[in-house]
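According to Swiss-Prot:
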type	residues	note
BINDING	276, 281, 299, 360	Mn(2+) 2 binding site
BINDING	281, 358, 360	Mn(2+) 1 binding site
ACT_SITE	288	active site
ACT_SITE	362	active site
């Protein structure tokens, strides 16, 4: 989809299929709505007195208004004026884009990004608008026998009305938002695909497709079981052993720096993103309940977010180095699967007692985190649907953020704030490490019923002593259940904004 900008002082002269103007709660009109209301002899105030009160996300369409060139004026509810934020703006833009899709329109014009918001820039609002439009236009039909929207016209263009002085800032924000939205779309589709299609091999092939599409920016290596065993990744291999699907260890390298500016001795290393890629998690011998087991196809959303971030990176081509690592396999019960009480040796040399085979994400991540050392990274961020305990603690609003590095944690929190993809910093005190004590190995893979999200992060921290590290537990934010079941594309916005901030 194309995003563009236009500067005009005469909104009533804009020729478009649909023009969006904002209305705050209790019928308070935005400046754009005031202008259209004046040009149409009070058409907007006539409806705000009765049927449209500006509830956040609500829309009302006024057609063929006298004195207005736009075919439709779409009133978009903004909520209370004193509470209007970038998050509310994102919701308003998404509501407008959703209307354009539902009405089968190919283009529209929005005045919403021009509304001032405290502690935000035009770039922030433009980025939010493009991400919101991408979310509204995303549609999954990969596994339907007949794509249900094949014949419908597609939304091709949204134009933002802005001040001339803000053109460069707006265009930059729209470009960033469009790339992030494309990365989120890839992440969502990978998450939504069933486990019999999106296998470890499929993830490897998706990485290779990215490398072919962006061959000057992305290089990919896909390792098989024999190569992984040669590296000593005994913990990762032990999880994969229970399934007939072959494991894959995917290494992506992005370098947007000019050849003359490539890394020299002593320069900062790359940022490394590590994604958990359990393409289906039945729990292994410690099998999960059947009722919601279908949702365990989403256990690879950490890996999907790495791939989505790399897509967005390649589209924007910022001048930095990023490595992506994906440890992909299935976790199934079988005669060759891990058993409770088994002891395995990780790539780091530390031995692990497996007390619960359904705590497998940390078993694949620990070897990937050890592998990350070879890149001498400036920071390592792992992304994983790791614990149900994090869902209990934070629900579906905030991603759980664990790190002992204050600077890294603050940078990630700020990136989440900038993109309305929030995270919440959780404790990582050494006192929790005692729960992971084992009588038969260096460490146990679970720490009992208390503080499950924290002890999972504590487990991972044992393998991250060589570099600054943060862990994102996305178990509550990577997908939604219920009637709107589906992957969300988070935390691609947070990750991309963090990387863009590093390149700035």
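Each Cβ is built from the backbone N, Cα and C atoms, and glycine gets one as well.
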- Query: Other residues with Cβ within 8 Å of the Cβ centroid of 276, 281, 299, 360 at the Mn(2+) 2 site?
  - Reply: 277, 278, 296, 300, 331, 361, 364, 384, 385
- When the Cα-Cα distance from residue 288 (active site) is computed for each of the recorded positions 276, 360, 362, which gives the smallest value? 360
- Message: Take the mean position of the Cβ atoms of 281, 358, 360, the recorded Mn(2+) 1 site. Which other residues of that chain put their Cβ within 8 Å of it?
- Response: 239, 278, 282, 283, 284, 286, 288, 296, 299, 331, 357, 359, 361
- Message: Under DSSP, is residue 299 (Mn(2+) 2 binding site) part of a helix or a strand, or is it coil?
- Response: helix
- Task: Sequence order is fine: just name those binding-site residues in 276, 281, 299 with a Cα within 10 angstroms of residue 362 (active site).
- Result: 276
- Message: For a quick check of packing: other C-beta atoms within 10 Å of the C-beta of residue 299 (Mn(2+) 2 binding site), how many?
- Response: 27
- Item | Candidates 281, 358, 360: member of the binding-site residues with the richest Cβ shell (10 Å) | 360
- Report the same-chain neighbours of residue 276 (Mn(2+) 2 binding site): residues 6+ apart in sequence with Cβ closer than 8 Å to its Cβ, ordered by sequence. 299, 300, 302, 303, 327, 361, 364, 365, 382, 383, 384, 385, 386
- Note on the structure: Cα of residue 281 (Mn(2+) 2 binding site) to Cα of residue 358 (Mn(2+) 1 binding site), in Å and rounded, measures 8
- Mapped onto three states, the DSSP assignment of residue 281 (Mn(2+) 2 binding site) reads strand
- Starting from the Cβ of residue 288 (active site), draw a 10 Å sphere and report how many other Cβ atoms land inside it. 16
